[in-house]
Each structure stands twice: as C-alpha cells, then as structure tokens.
Amino acid sequence: MQYRDLRDFISGLEQRSELKRIQVPVSPVLEMTEVCDRTLRAKGPALLFENPTGYDIPVLGNLFGTPERVALGMGAEAVSELREIGKLLAFLKEPEPPKGLKDAWSKLPIFRKIISMAPKVVKDAVCQEVVIEGDDVDLGMLPVQTCWPGDVGPLITWGLTVTKGPNKDRQNLGIYRQQVIGRNKVIMRWLSHRGGALDYREWCEKHPGQPFPVSVALGADPATILGAVTPVPDSLSEYAFAGLLRGNRTELVKCRGNDLQVPATAEIILEGVIHPGEMADEGPYGDHTGYYNEVDSFPVFTVERITHRIKPIYHSTYTGRPPDEPAILGVALNEVFVPILQKQFPEITDFYLPPEGCSYRMAVVTMKKQYPGHAKRVMLGVWSFLRQFMYTKFVIVTDDDINARDWNDVIWAITTRMDPKRDTVMIDNTPIDYLDFASPVSGLGSKMGLDATHKWPGETTREWGRVIVKDEAVTRRIDAIWNQLGID
C-alpha cells in the first residue's frame, strides 16, 4: 500500500492497530523518550502524543519502531519484500547492457517507470498553509524533545535537510540532528563527508561570504523519509526513489524564501541560511552508541521562515544504546543491502548488521569460498563498495554453512576456523565515525577483518578438519520412535 503523506500513513497504521493515540499529557523533556523506549523494546505501536505538556502540536514517536512498519513505509507488506527493493537498487547502481533485443525490451519498463517518477512541482502546497516570518519565527512553538538527562538542550532529530551545491543538478536530502540554541537558531551537525556538508563547502568556494540556502522538512511522507536513509545510486534523486516506493510522483513545492524544493505534503518546513563562518559548539547528546558524545563545533542554521500545515504534527525520535529506532531501521534496511552486495559479489550468500553493534559498526558475511584469499577480498569489498559501510569497524567473513544471524554459529566459526595472527586483517588510519570516541583520533581509526572460513591449501599446511554430520537414516529412525521413548 502507498501513502500520500504522513497523515495517510498514520491512518493506515491505526487501521492495523499499529498506532496508539496518547491523550494523557506527556512532556517532551525526558518523558517521551522513556515512553517510546519502553514501547519499542516491547515491539509496540507508533505513538501519537496528542497533548504534549506545554505545547499545542502533537508529537509522533516510535514511527519506525518495528521492521514491519519500516517495510510498510517503503510500500511493502512484509520485511522480506525489501529484498526486491534492493534488487532494483542493485540494477540501477550497476545497470548491465542488454544481452540482446529481447533483454532490452524486458528492461525498458523499468527505465520508463523511473523516468515517469520524476518529482512533480506544484504551486500550492499544504506545507505552506501557515507562514511565519521574521521576528515572529520562534522554534519554541515546536515540542522538540530533550531525550536524555545529560543532553544540553532540545534536539530536532527527524528533519530532512534539503541543500543544493552550486555544481550539482539535483538537490541532496540528508538527516542531520539539529540542536536548538535560540528562537531562530539551530546547530547543523553534519559530518564532512555527508552530502549537505559537501554542498556547503562547494558553495563557500564558489560564493565566498554569501549565505548558503537551507531548508528542513519535518513530517514528510514515509517514502520520502526512508528514501533519504536508503543507499540510492547517485544517478537517482531521493525524491524520484520515493516516487518509486510510493507508486506515484513526489510532489514538491518551491520554498517561499529560496529556490529549494521541499515535500509539498510535509507537516512543517524550516527555511533559512547558514552564514559562512558562523559556528557553535554542539552537544553533548546521548547518541546511538549508548554514550554522550563529545562537544564539537558545527555550522549554525538561521531559520528565517517557518511554514506548516494547519494543525501540524511534529515527528520526532530519540537515539540511545540499541535497540532504538535507528537500530530498527538498520535491521530492515539490511534486507535492502543484501541484493546490492550480491550484485557486486555473487559469492555472498548473506550479510548481517547486528543491531547491537550500533547498526553498522560490525558486519557478518557468509560466502561460497572459491579460492585462497577470497574471504579477504570480500571483506575489503564490503568496506569500499558502499559508503554506508565506511564506518564499519569489524567485518567477519564465514562460509555459507554458517548462519550469519546466529551468534552461536558465528562464534563457533571464529573459534574453530581462525588463527588470530594469520586470519586477522588490520587496517590503520581509515575513516571512522566522529561519534566513535574509542578511536585514537576523531574521525580516524582502524578496522579489523576476521576470516572465519575453512582454509584452503596455500592458506594452511595442515589437513583441515571435517565437520561432524549426523547420519540421516538414523535421524529419521529416531524421529519415528521418539514419542515411544518417553523422554520429555
């Protein structure tokens, strides 16, 4: 099923008993985090806080708190269907030339569908039903959460930041947390390699000293939100991909104060600029690692205009030690990653990002090994093929007889098929998540690869052990008489 906007998604979830309206007053300061955290851990519903303490705007939380709701948001009825989305992205990332006329005709509908999903620009949009400008702008109207006791202040978490570099044809969508530091000021915490930061850097080089236009959409439709966190090929815009997920074109509207285009059905839009050189210390905040991050300096976004729907809904989340909402997103998107990796490395049989590993810091890969050194090639490929795995610190590679999603299996493979010195790959001075305080230098650290595969001649001089396998005939015989044995 496809959802036109966030309200349509809320209605659909409610019909499935996947959303609960909370009428009891709950504060966005710490209390909503506690309620959402308990609900997520219980695999409970999305929550619509209709009476946030001190505010008139409802807060939507725990929206993507189960993999099933992530799948629904991407237009799928089951998590398993996300593999098909991954296959489409794999095809778009590395399209193969047609093998003949028949093959060309078979692929034509895919390209036609992609072309037909180009965003549609509209003149009038519900996200601009109410316009607040100038001195009337006050972010204090929004029920922005303060999530943890040690947080320095309220934090916008689910904003889709829209930017456009001076040398690019299309806009970039990114989700960056934003610390509220005044009635019209937030700190834009984007890392140097992210799209928004790259657009800003190019702008400063081409237009030194000039304000950089930025817009932030809050409460977009689920396909657009999830499109911003999916590994979309550079040749495809997030808006077009959202159209593919939704089954109809993404409607955009030009902002009132700049040329950026934002989702027309979003709940709230923040428009403004970043003045080059205006920086502020951000944090500390509790984050997805389960720790408070260190304070660092980032650009300040000045909000010049707020537009919103009549009676808007504020979409929010929290991040903390897994499981949290980003970890659940990671579990679902894991299914999208598998076909993309298999397109490049057909020998891969499964790929798993354990959510307890902060969603991306550890990966387990199973493969059909074909030659000595093959496992090392695959682990190096994981680190380099998709930028989403740039910060993956540990890659474990095992044979395809191991269940990548079963720690009992994985640990058995590590302890029986590895020699620590021979089968461990260490790489120094690689990009590491800025939030990873365990690295010796901020943003720079090491990576470890573990080859837990059977070793081939050339990798070992010893005879390799044979796995114990039960006799199938005996197993069937005991199955047949098991109840007669009287063993509970």
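Just so it is clear, glycine is given a Cβ too, placed from its N, Cα and C backbone atoms.
If you look up Swiss-Prot, you'll see Asn172, Glu238 marked as Mn(2+) binding site. Annotation comment: Swiss-Prot describes Ile175, Tyr176, Arg177, Arg189, Trp190, Leu191, Arg194, Gly195 as prenylated FMN binding site, evidence class sequence analysis. According to Swiss-Prot, the feature active site, proton donor maps to Asp287, an assignment based on sequence analysis.
Everything Swiss-Prot records as a feature, shown here on the structure.
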residue : record                      : Cβ within 10 Å
Asn172  : Mn(2+) binding site         : 19
Ile175  : prenylated FMN binding site : 18
Tyr176  : prenylated FMN binding site : 22
Arg177  : prenylated FMN binding site : 21
Arg189  : prenylated FMN binding site : 22
Trp190  : prenylated FMN binding site : 21
Leu191  : prenylated FMN binding site : 16
Arg194  : prenylated FMN binding site : 18
Gly195  : prenylated FMN binding site : 21
Asp287  : active site, proton donor   : 23
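Secondary structure at Asn172 (Mn(2+) binding site), taken from DSSP and collapsed to helix, strand or coil, is strand. Recorded residues Arg194 (prenylated FMN binding site) and Asn172 (Mn(2+) binding site) have their alpha carbons 10 Å apart, per Cα-Cα distance. Following the DSSP three-state reduction, the secondary structure of Leu191 (prenylated FMN binding site) is coil. Compute the center of the Cβ atoms of Ile175, Tyr176, Arg177, Arg189, Trp190, Leu191, Arg194, Gly195, which mark the site for prenylated FMN; besides them, the chain residues with Cβ within 8 Å of that center are Thr161, Gly174, Met188, Gly196, Ala197. For Glu238 (Mn(2+) binding site), the nearest neighbour among the binding-site residues Ile175, Tyr176, Trp190, judged by Cα separation, is Ile175. Note on Glu238 (Mn(2+) binding site): other Cβ atoms within 10 Å of its Cβ, all shown chains, come to 26. Separating the Cα atoms of Arg177 (prenylated FMN binding site) and Asp287 (active site, proton donor) is a whole-number distance of 10 Å. Looking at the residues that bind prenylated FMN per the record, Ile175, Tyr176, Arg177, Arg189, Trp190, Leu191, Arg194, Gly195, the two CA atoms farthest apart are separated by 14 Å.
Taking the C-alpha positions, the distance from Gly195 (prenylated FMN binding site) to Asn172 (Mn(2+) binding site) comes to 6 Å.
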